[in-house]
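Below: one structure, written as structure tokens.
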Amino acid sequence: MMRALLYKELLLTSLPPMFIFMFFGAMLMIPGYPYYVPFFFGCLGLFFTFQNGRENKDTFYTAALPISKGDVVRARCLLVVLVELGEVLISVPFAVLRAYVLPPNPVGIEPNPAFYGFVLVMFTIFNVIFLTQFYKTAYNVGKSFIIAQIPLWLYIIVMEALVHFPTLSAYLDTTEPSMMLGQLPILAAGIIIYVLGILVACRVSIQRFEKVDL
């Protein structure tokens, strides 16, 4: 059942920009660019898809099927995970290539294991706030997105600022193999936070959606 629902999300609900934005990880090849921005577009693509679902009354249609409201939310959460992790995986080859052919990034952090850990935390902030806000009503997409963007961009600003402190820059803002090994705990922490975050976001969203009168 969940596979069929995810298939429906991908074919009937999702808009082309969402899939296009998944490939914005290629923007890691742009010199002198804040590399959190390409991953923001992944969040923006999800917003467009949620908005499309609202305009086409997809949530109400899906909830009318002989499935639980919880399954409706779980399918959408699976779509979110697929898009976000898909963008991360697509970006990795570009991050590796960048380390060999481009000079260090003068604007912000280098795309390294620590960076990807921070990106997963960024996605977690978006997921927990956006999903739980949206499923209060299953309608207010724009308001939910704006509420999620405020802490998301504050987080991006803080994380970019951290690499301008010399003591942290030597550890975080490098693609030296010996230093990247030490960044793996940050990546591991990011993965754990992401998994826990999406589970919490999904559970709270289900609880809120159960109370929505469709």
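The backbone N, Cα and C atoms fix where each Cβ goes, and this holds for glycine too.
Looking at the stretches 33-50, 51-68, the one that TrEMBL records under the feature transmembrane segment is 33-50. Away from its own ends, the transmembrane segment (33-50) comes close to residues 13-15, 17-22, 24-27, 76, 79-80, 83-84, 87-88, 91, 105, 107-111, 115, 118-119, 122-123, 126, 130, 134, 141, 145, 148, 152, 156, 159-160 of its chain (Cβ-Cβ under 8 Å, at least six residues beyond either end).
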